[in-house]
Amino acid sequence: MTFPILILAAPTGAGKTSLITELDPTRFEILSFDSRQIYREMPIGTAAPTKEQQSKIRHHLVEVLSPKESIDAGLYNRMAEEALQKVLNTDKIPVFTAGTGFYLKAFLFGMFPVPEISVSVRERVLSMSIEEKKVLLNDLDPEALDKIFSGDDYRLGRALEVNLMGEKWSRLKIDPNTSAIYKYNLEIRLGIFLDLDRKELYERINLRAKRMIDLGMADEAWEIRERYGESCPGLKSLGYNFALENKKGNSNVETFLVDLSQSHRNYAKRQITWFRKENYIQAMDRSEALERIKHIK
(Lines of atoms letter the chains of each structure in order from A; the text may use other names.)
(Lines give C-alpha, C1' and ligand atoms only; values in the text may rest on other atoms or scores of the structure.)
Protein backbone atom coordinates (compact mmCIF):
# COMPACT_ATOMS: atom_id res chain seq x y z
CA MET A 1 0.00 0.00 0.00
CA THR A 2 1.30 3.43 -0.94
CA PHE A 3 0.51 6.68 0.83
CA PRO A 4 -0.07 9.79 -1.30
CA ILE A 5 1.69 13.03 -0.42
CA LEU A 6 1.69 16.55 -1.83
CA ILE A 7 4.60 18.96 -1.99
CA LEU A 8 4.14 22.72 -1.99
CA ALA A 9 7.36 24.68 -2.34
CA ALA A 10 7.67 28.44 -2.66
CA PRO A 11 10.13 31.27 -2.15
CA THR A 12 9.67 33.54 0.85
CA GLY A 13 6.85 36.03 0.41
CA ALA A 14 5.09 34.12 -2.37
CA GLY A 15 1.87 33.52 -0.42
CA LYS A 16 2.29 29.86 0.49
CA THR A 17 0.72 30.26 3.93
CA SER A 18 -2.43 31.96 2.66
CA LEU A 19 -2.84 29.23 0.03
CA ILE A 20 -2.51 26.53 2.68
CA THR A 21 -5.40 27.98 4.69
CA GLU A 22 -7.70 27.40 1.70
CA LEU A 23 -7.11 23.64 1.74
CA ASP A 24 -9.71 21.25 3.12
CA PRO A 25 -8.71 20.46 6.75
CA THR A 26 -10.67 17.20 6.64
CA ARG A 27 -8.43 15.92 3.83
CA PHE A 28 -5.01 17.45 4.49
CA GLU A 29 -2.50 18.25 7.24
CA ILE A 30 0.63 20.36 6.87
CA LEU A 31 4.21 19.25 7.51
CA SER A 32 6.32 22.41 7.41
CA PHE A 33 9.94 22.30 6.28
CA ASP A 34 11.18 25.74 7.25
CA SER A 35 14.35 26.24 9.27
CA ARG A 36 13.07 29.57 10.67
CA GLN A 37 9.40 28.93 11.38
CA ILE A 38 10.30 25.92 13.50
CA TYR A 39 11.29 28.37 16.27
CA ARG A 40 8.92 29.62 18.97
CA GLU A 41 8.76 33.21 20.25
CA MET A 42 9.77 34.66 16.87
CA PRO A 43 6.55 34.93 14.83
CA ILE A 44 7.25 38.39 13.36
CA GLY A 45 10.68 37.88 11.84
CA THR A 46 10.01 34.31 10.72
CA ALA A 47 6.56 35.15 9.30
CA ALA A 48 5.21 32.05 11.05
CA PRO A 49 1.56 31.18 10.39
CA THR A 50 -0.67 33.00 12.87
CA LYS A 51 -2.72 31.12 15.46
CA GLU A 52 -5.80 31.88 13.36
CA GLN A 53 -4.18 30.43 10.23
CA GLN A 54 -3.01 27.36 12.13
CA SER A 55 -6.53 26.85 13.48
CA LYS A 56 -7.88 26.48 9.94
CA ILE A 57 -5.73 23.46 9.13
CA ARG A 58 -3.43 21.32 11.31
CA HIS A 59 0.24 22.34 11.11
CA HIS A 60 3.20 20.24 12.24
CA LEU A 61 6.79 21.44 12.83
CA VAL A 62 5.82 25.08 13.33
CA GLU A 63 6.95 26.95 16.47
CA VAL A 64 8.20 23.85 18.28
CA LEU A 65 11.84 24.66 19.15
CA SER A 66 13.23 27.19 21.60
CA PRO A 67 15.50 29.86 20.03
CA LYS A 68 18.35 28.46 22.13
CA GLU A 69 18.16 25.09 20.35
CA SER A 70 20.11 24.28 17.19
CA ILE A 71 18.46 22.67 14.18
CA ASP A 72 20.06 20.55 11.48
CA ALA A 73 18.86 18.07 8.87
CA GLY A 74 19.26 15.09 11.20
CA LEU A 75 17.10 16.56 13.96
CA TYR A 76 14.60 17.85 11.43
CA ASN A 77 14.34 14.36 9.94
CA ARG A 78 13.59 12.78 13.31
CA MET A 79 10.94 15.37 14.14
CA ALA A 80 9.41 15.14 10.67
CA GLU A 81 9.22 11.35 10.90
CA GLU A 82 7.22 11.58 14.13
CA ALA A 83 4.89 14.14 12.56
CA LEU A 84 4.45 12.06 9.40
CA GLN A 85 3.44 8.99 11.42
CA LYS A 86 0.76 11.05 13.18
CA VAL A 87 -0.68 12.28 9.88
CA LEU A 88 -0.64 8.84 8.25
CA ASN A 89 -2.58 7.51 11.24
CA THR A 90 -5.37 10.00 10.52
CA ASP A 91 -5.82 8.82 6.91
CA LYS A 92 -5.33 12.41 5.77
CA ILE A 93 -2.92 13.39 3.00
CA PRO A 94 0.31 15.03 4.20
CA VAL A 95 1.17 18.30 2.48
CA PHE A 96 4.90 18.96 2.69
CA THR A 97 5.40 22.73 2.55
CA ALA A 98 8.93 23.86 1.87
CA GLY A 99 10.90 27.01 2.14
CA THR A 100 14.04 25.09 3.14
CA GLY A 101 14.49 22.76 0.19
CA PHE A 102 17.53 20.97 1.58
CA TYR A 103 15.65 19.70 4.64
CA LEU A 104 12.74 18.50 2.52
CA LYS A 105 14.97 16.70 0.04
CA ALA A 106 17.00 15.04 2.80
CA PHE A 107 13.81 13.77 4.44
CA LEU A 108 12.18 12.46 1.27
CA PHE A 109 15.17 11.00 -0.54
CA GLY A 110 17.74 10.24 2.16
CA MET A 111 20.61 11.75 4.08
CA PHE A 112 24.37 11.63 3.98
CA PRO A 113 25.81 9.54 6.86
CA VAL A 114 27.68 12.45 8.46
CA PRO A 115 29.84 12.03 11.57
CA GLU A 116 28.72 13.50 14.88
CA ILE A 117 29.87 17.11 15.01
CA SER A 118 31.63 18.27 18.17
CA VAL A 119 30.44 21.38 19.98
CA SER A 120 33.78 23.12 19.42
CA VAL A 121 33.69 22.50 15.66
CA ARG A 122 30.07 23.65 15.39
CA GLU A 123 30.80 26.83 17.35
CA ARG A 124 33.86 27.54 15.22
CA VAL A 125 31.88 27.21 11.99
CA LEU A 126 28.98 29.29 13.34
CA SER A 127 31.39 32.12 14.13
CA MET A 128 32.67 32.27 10.53
CA SER A 129 31.38 34.45 7.71
CA ILE A 130 30.25 32.82 4.49
CA GLU A 131 33.43 34.01 2.74
CA GLU A 132 35.63 32.54 5.48
CA LYS A 133 33.79 29.23 5.11
CA LYS A 134 34.43 29.21 1.36
CA VAL A 135 38.15 29.87 1.78
CA LEU A 136 38.65 27.12 4.37
CA LEU A 137 36.44 24.62 2.51
CA ASN A 138 38.42 25.27 -0.66
CA ASP A 139 41.58 24.32 1.24
CA LEU A 140 40.10 21.19 2.82
CA ASP A 141 37.71 19.89 0.15
CA PRO A 142 37.64 21.91 -3.10
CA GLU A 143 35.38 19.33 -4.75
CA ALA A 144 32.75 20.02 -2.07
CA LEU A 145 32.94 23.74 -2.74
CA ASP A 146 32.34 23.09 -6.45
CA LYS A 147 29.18 21.12 -5.65
CA ILE A 148 27.56 23.67 -3.34
CA PHE A 149 25.72 26.80 -4.50
CA SER A 150 27.92 29.75 -3.51
CA GLY A 151 25.18 31.47 -1.52
CA ASP A 152 24.09 28.38 0.43
CA ASP A 153 25.51 29.28 3.84
CA TYR A 154 23.90 26.28 5.56
CA ARG A 155 25.37 23.61 3.26
CA LEU A 156 28.76 25.33 3.21
CA GLY A 157 28.77 25.19 6.99
CA ARG A 158 27.71 21.55 7.14
CA ALA A 159 30.33 20.52 4.57
CA LEU A 160 32.99 22.39 6.51
CA GLU A 161 31.94 20.73 9.79
CA VAL A 162 32.26 17.28 8.22
CA ASN A 163 35.72 18.09 6.89
CA LEU A 164 36.87 19.51 10.22
CA MET A 165 35.79 16.22 11.82
CA GLY A 166 38.19 14.41 9.49
CA GLU A 167 35.96 13.19 6.64
CA LYS A 168 35.62 14.45 3.07
CA TRP A 169 32.10 15.80 2.54
CA SER A 170 32.44 15.37 -1.22
CA ARG A 171 32.90 11.59 -0.82
CA LEU A 172 29.76 10.99 1.23
CA LYS A 173 26.95 9.03 -0.42
CA ILE A 174 23.24 9.30 0.39
CA ASP A 175 21.94 6.39 2.46
CA PRO A 176 18.66 5.32 0.76
CA ASN A 177 17.53 3.61 3.96
CA THR A 178 17.02 7.07 5.49
CA SER A 179 14.56 8.05 2.75
CA ALA A 180 10.99 8.63 4.01
CA ILE A 181 9.66 7.69 0.58
CA TYR A 182 11.36 4.30 0.89
CA LYS A 183 10.58 3.74 4.60
CA TYR A 184 6.90 4.71 4.44
CA ASN A 185 6.09 3.80 0.84
CA LEU A 186 5.14 7.37 -0.04
CA GLU A 187 4.02 8.46 -3.49
CA ILE A 188 4.34 12.07 -4.62
CA ARG A 189 0.96 12.65 -6.25
CA LEU A 190 1.66 16.30 -6.96
CA GLY A 191 4.71 18.51 -6.51
CA ILE A 192 4.11 22.25 -6.81
CA PHE A 193 6.50 25.16 -7.02
CA LEU A 194 4.45 28.32 -6.49
CA ASP A 195 5.61 30.56 -9.31
CA LEU A 196 5.25 34.34 -9.25
CA ASP A 197 6.42 37.03 -11.61
CA ARG A 198 9.77 38.23 -10.21
CA LYS A 199 8.65 41.87 -10.01
CA GLU A 200 5.46 40.93 -8.16
CA LEU A 201 7.40 38.68 -5.78
CA TYR A 202 9.88 41.42 -4.92
CA GLU A 203 7.06 43.90 -4.32
CA ARG A 204 5.43 41.41 -1.95
CA ILE A 205 8.74 40.88 -0.16
CA ASN A 206 9.29 44.63 0.26
CA LEU A 207 5.81 45.04 1.74
CA ARG A 208 6.36 42.07 4.05
CA ALA A 209 9.65 43.53 5.30
CA LYS A 210 7.95 46.83 6.11
CA ARG A 211 5.16 44.98 7.90
CA MET A 212 7.71 43.05 9.99
CA ILE A 213 9.31 46.30 11.08
CA ASP A 214 5.96 47.92 11.82
CA LEU A 215 4.91 44.91 13.92
CA GLY A 216 8.03 45.20 16.08
CA MET A 217 10.69 42.85 14.73
CA ALA A 218 13.46 44.87 16.40
CA ASP A 219 11.79 44.53 19.81
CA GLU A 220 11.20 40.82 19.17
CA ALA A 221 14.88 40.32 18.34
CA TRP A 222 15.96 42.21 21.45
CA GLU A 223 13.71 40.15 23.71
CA ILE A 224 15.21 36.95 22.29
CA ARG A 225 18.70 38.37 22.81
CA GLU A 226 17.94 39.27 26.43
CA ARG A 227 16.45 35.85 27.12
CA TYR A 228 18.87 33.53 25.28
CA GLY A 229 21.91 35.60 24.30
CA GLU A 230 22.89 37.18 21.02
CA SER A 231 24.62 34.04 19.75
CA CYS A 232 21.55 31.80 20.17
CA PRO A 233 20.65 29.77 17.04
CA GLY A 234 17.26 31.43 16.61
CA LEU A 235 18.85 34.82 16.02
CA LYS A 236 20.83 33.36 13.11
CA SER A 237 17.52 33.39 11.22
CA LEU A 238 17.21 35.71 8.25
CA GLY A 239 17.17 39.42 9.05
CA TYR A 240 17.60 39.33 12.81
CA ASN A 241 21.12 40.75 12.58
CA PHE A 242 19.65 43.89 11.00
CA ALA A 243 16.94 44.03 13.67
CA LEU A 244 19.55 43.95 16.43
CA GLU A 245 21.65 46.63 14.73
CA ASN A 246 18.59 48.85 14.59
CA LYS A 247 17.74 48.21 18.24
CA LYS A 248 21.33 49.01 19.25
CA GLY A 249 21.06 52.35 17.48
CA ASN A 250 23.59 51.44 14.78
CA SER A 251 21.05 51.90 11.96
CA ASN A 252 17.91 53.93 11.43
CA VAL A 253 14.59 52.47 10.34
CA GLU A 254 15.18 53.38 6.69
CA THR A 255 18.46 51.45 6.60
CA PHE A 256 16.84 48.58 8.48
CA LEU A 257 14.10 48.38 5.86
CA VAL A 258 16.55 48.47 2.94
CA ASP A 259 18.77 45.77 4.46
CA LEU A 260 15.88 43.54 5.52
CA SER A 261 14.16 43.77 2.13
CA GLN A 262 17.40 43.04 0.28
CA SER A 263 18.23 40.03 2.44
CA HIS A 264 14.77 38.55 1.83
CA ARG A 265 15.00 39.18 -1.93
CA ASN A 266 18.41 37.50 -2.02
CA TYR A 267 17.05 34.56 -0.05
CA ALA A 268 14.09 34.23 -2.42
CA LYS A 269 16.48 34.22 -5.35
CA ARG A 270 18.46 31.34 -3.80
CA GLN A 271 15.24 29.41 -3.09
CA ILE A 272 14.09 29.84 -6.70
CA THR A 273 17.46 28.62 -7.97
CA TRP A 274 17.21 25.54 -5.72
CA PHE A 275 13.62 24.59 -6.49
CA ARG A 276 13.83 25.12 -10.25
CA LYS A 277 16.38 22.32 -10.54
CA GLU A 278 14.31 19.80 -8.56
CA ASN A 279 12.50 17.36 -10.87
CA TYR A 280 9.82 16.29 -8.37
CA ILE A 281 8.03 19.67 -8.47
CA GLN A 282 6.61 21.75 -11.31
CA ALA A 283 6.03 25.48 -11.51
CA MET A 284 2.45 26.76 -11.49
CA ASP A 285 0.51 29.78 -10.30
CA ARG A 286 -1.75 29.94 -7.26
CA SER A 287 -5.06 29.29 -9.04
CA GLU A 288 -3.73 26.27 -10.93
CA ALA A 289 -2.17 24.91 -7.74
CA LEU A 290 -5.46 25.12 -5.84
CA GLU A 291 -7.39 23.51 -8.68
CA ARG A 292 -4.90 20.63 -9.00
CA ILE A 293 -4.88 20.01 -5.25
CA LYS A 294 -8.69 19.80 -5.14
CA HIS A 295 -8.62 16.80 -7.48
CA ILE A 296 -5.94 14.83 -5.64
CA LYS A 297 -7.11 11.48 -4.26
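Here the Cβ of each residue, glycine as well, is placed from N, Cα and C on the backbone.
Since the structure is predicted, the reported quantities are computational estimates derived from the model, not experimental observations.
Copied from Swiss-Prot, the annotated features are:
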type	residues	note
BINDING	Ala10, Pro11, Thr12, Gly13, Ala14, Gly15, Lys16, Thr17	ATP binding site
BINDING	Thr12, Gly13, Ala14, Gly15, Lys16, Thr17	substrate binding site
REGION	34-37	region 'Interaction with substrate tRNA'
SITE	Thr100	site 'Interaction with substrate tRNA'
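The structure, with features from Swiss-Prot marked on it.
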{"residue": "Ala10", "record": "ATP binding site", "CB count, 10 Å": "26"}
{"residue": "Pro11", "record": "ATP binding site", "CB count, 10 Å": "26"}
{"residue": "Thr12", "record": "ATP binding site", "CB count, 10 Å": "21"}
{"residue": "Gly13", "record": "ATP binding site", "CB count, 10 Å": "25"}
{"residue": "Ala14", "record": "ATP binding site", "CB count, 10 Å": "23"}
{"residue": "Gly15", "record": "ATP binding site", "CB count, 10 Å": "14"}
{"residue": "Lys16", "record": "ATP binding site", "CB count, 10 Å": "23"}
{"residue": "Thr17", "record": "ATP binding site", "CB count, 10 Å": "20"}
{"residue": "Thr100", "record": "site 'Interaction with substrate tRNA'", "CB count, 10 Å": "22"}
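Summary of the ATP site environment: with the site residues Ala10, Pro11, Thr12, Gly13, Ala14, Gly15, Lys16, Thr17 set aside, the chain residues having Cβ atoms within 8 Å of the Cβ mean position are Gly99, Leu194, Arg204. The residues of the region 'Interaction with substrate tRNA' (34-37), classed with DSSP into helix (H, G, I), strand (E, B) and coil, number 0 helix, 0 strand, 4 coil.
Distance noted between the C-alpha atoms of Lys16 (ATP binding site) and Thr100 (site 'Interaction with substrate tRNA') is 13 Å. DSSP gives Thr17 (ATP binding site) a helix state. Sitting within 8 Å of the Cβ centre of Thr12, Gly13, Ala14, Gly15, Lys16, Thr17, and not among those site residues for substrate, are the Cβ atoms of Ala10, Pro11, Ser18, Ala47, Gly99, Leu194, Arg204. In this structure, Thr12 (ATP binding site) belongs to neither helix nor strand by DSSP; it is coil. The binding-site residues close to Thr100 (site 'Interaction with substrate tRNA'), defined as a CA atom within 10 A of its CA, are Ala10, Pro11 out of Ala10, Pro11, Ala14, Gly15, Thr17.
Secondary structure at Thr100 (site 'Interaction with substrate tRNA'), taken from DSSP and collapsed to helix, strand or coil, is coil.
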